[in-house]
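Trainee: Handing you this structure, nothing more for now.
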Amino acid sequence: MEENLKRKTTKALVWSTADKLGQQLFYLVTGIILARQLSPEDYGKVGVLTIFIALSGILIDSGFSSALIRKKEATQADYSTVFYVNVAISCVLYGLLYAAAPYIAVFFKVPDLIYICRILFLVIPLNALSLIQQTLLLKHFKLSVSARVNLWSLGIASVVAIAMAYGGMGVWSLVAQTLGLSFFRAVFFWVFNDWRPRWIFRMASLREFFGYSSNLVVSGIINNVFNKIYPIIIGKFYGMTQTGYYTQADKYQDIASSLISNIFRSVAFPVFSKVQDDLQRLKRICRKNVRAIAFFIFPIMLLMVVVSYPLISIMLKEQWVPSVPYFRLLCFSGICSPFIILFFDLFNSLGYSRLNLQLEIGKKIYLFAGIALFYSSGILWLIGWWISYSVLSLAASIFFARRFLGYGFGEYVKDIFPYFILALASAILSCGVYLLLPSDLWRLCLVSVVYVVLYLGGAYMLKLEMLQEMLSMLKSRVKRGGEA
């Protein structure tokens, strides 16, 4: 059974990687093209609205997707009931936000937001239509279907957005990309998934899930409000242009951070849920995930800090250079995110959704205190407080991992330390090369190559576990391919 789970996990991880990497590459390429055609103000207008979409997603799902994944024998009645609840909530939320659009525009003093809100928020009911299909695919490790749907949908939506941007449609190209992605995903998930809702609605299913999911909903709301609150604060006090700089900086650091988070999250939670009764096995799997995350997150984020200026100025043009300081600082907070999300899913798999809620409340009180102190001191002060909040969040997660799983600070540091030190040493040596080069293009290209060679070469010489496992897996696949 353990070997079967390992095989399923490996296959799911491969497809999850292909899915998330493909999506982020799409976002990167289309983001570069769009940023060269659009203004920071255009991005600011969409950026201040992301909090409403994120909150709606939490309320629509209501934690039921996690509850369905966690329940080992979920029934057709369970899935159908949750589907109807999702759709009903989404329609109510869209109606409320449609009515609230004029007030949102007045708050930010941007009249255009009335029309942008009413069109953009259509993603809310569209996303609700495919939640159960996605949950079923994730629960049964059928991530190849999800990968195809996501990549096709994003590809079509991005082509439409680029065409509109070159046609001079400005902010509406960003709206079209978001709306198009949700529309095509909904269509394709229904086409490529056999599940259909039945005319069944059971209150017993809702009551069964509610105790577990209610804590997830509240913690999700709290988390999303504060995670997305910076664009609102910056938009209100510093204007749409600065909001555009911030959202772009956050978007590009998040490409790497969320890529790693989502790859592991799409596999980790279902695996954690399947072995939740075997704590020793769960601990081994958790530690392996921590080492794997460390192997990727430290070198990627530190490399982006080193090459941040040429990266932004070459990819997005000089108009985006003011976002570089924001980008550098946000990269440091991005290092913590995949670990925090991993522990969040670990606690949920053990049934401690209430603990996650309590943690979120405590962390957000700390974050709110910093916002209240520094909202008028400048954007860099706000980002600095965000970094301290990320570190505190990770420390709190490790504290409770020790309590429930026996996985404490000592073992955590032991797991990540080799990868952190190697990535830091590679960054310092690469900075020396950076200072010797004459142009931004040379700095971006050559320093990146030097950094990767230093990191992978060091990992090979030190025989770091994760690189050895990856090489072993690669050799095995090549061998099987040769035999075939």
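Any Cβ shown, glycine's included, is placed from N, Cα and C.
Not my notes, these are from TrEMBL:
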type: TRANSMEM; residues: 12-34; note: transmembrane segment
type: TRANSMEM; residues: 46-69; note: transmembrane segment
type: TRANSMEM; residues: 81-101; note: transmembrane segment
type: TRANSMEM; residues: 113-137; note: transmembrane segment
type: TRANSMEM; residues: 149-168; note: transmembrane segment
type: TRANSMEM; residues: 174-193; note: transmembrane segment
type: TRANSMEM; residues: 290-312; note: transmembrane segment
type: TRANSMEM; residues: 324-344; note: transmembrane segment
type: TRANSMEM; residues: 365-383; note: transmembrane segment
type: TRANSMEM; residues: 417-435; note: transmembrane segment
type: TRANSMEM; residues: 441-462; note: transmembrane segment
Trainee: Taking residues 6+ outside the transmembrane segment (417-435), which of them lie with a CB under 8 Å of any CB in it?
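Mentor: 291, 294-295, 298-299, 302-303, 305-307, 443, 446-447, 450-451, 454-455, 458-459, 462, 464, 466.
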Trainee: With pairs closer than 6 in sequence left out, are the transmembrane segment (290-312) and the transmembrane segment (174-193) joined by 3 or more CB pairs under 8 Å?
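Mentor: Counting Cβ pairs under 8 Å (6 or more apart in sequence), the transmembrane segment (174-193) does not reach the transmembrane segment (290-312), since there are fewer than 3.
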Trainee: Going along the chain, which residues at least six beyond the ends of the transmembrane segment (12-34) come within the CB cut-off of under 8 Å?
Mentor: 141, 143-144, 146-147, 150-151, 154-155, 158, 161-162, 165, 173-174, 177, 251-252, 255-256, 258-259, 262-263, 266-267, 270, 315-316
Trainee: Can you name the far-off residues of the same chain, 6+ from the ends of the transmembrane segment (290-312), with a Cβ under 8 Å from a Cβ of it?
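Mentor: Beyond its ends, the transmembrane segment (290-312) has Cβ neighbours at 252-253, 256-257, 260, 264, 320-321, 323-324, 327-328, 331-332, 334-335, 338-339, 342, 412, 415-416, 419-420, 422-424, 426-427, 430-431, 434, 440-441, 443-444, 447-448, 451-452, 455, 459, 464-467.
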Trainee: I'm a bit unsure how to read this: which one of 81-101, 113-137, 149-168, 365-383 has the highest number of Cβ pairs shorter than 8 Å with the transmembrane segment (324-344)?
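Mentor: By Cβ pairs under 8 Å, 365-383 leads among 81-101, 113-137, 149-168, 365-383.
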Trainee: Checking distant contacts: for the transmembrane segment (149-168), what same-chain residues at least six beyond its ends satisfy Cβ-Cβ under 8 A?
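Mentor: Tertiary neighbours of the transmembrane segment (149-168) are 19, 22-23, 26-27, 29-30, 33-34, 37-38, 174, 176-181, 183-185, 188-189, 192.
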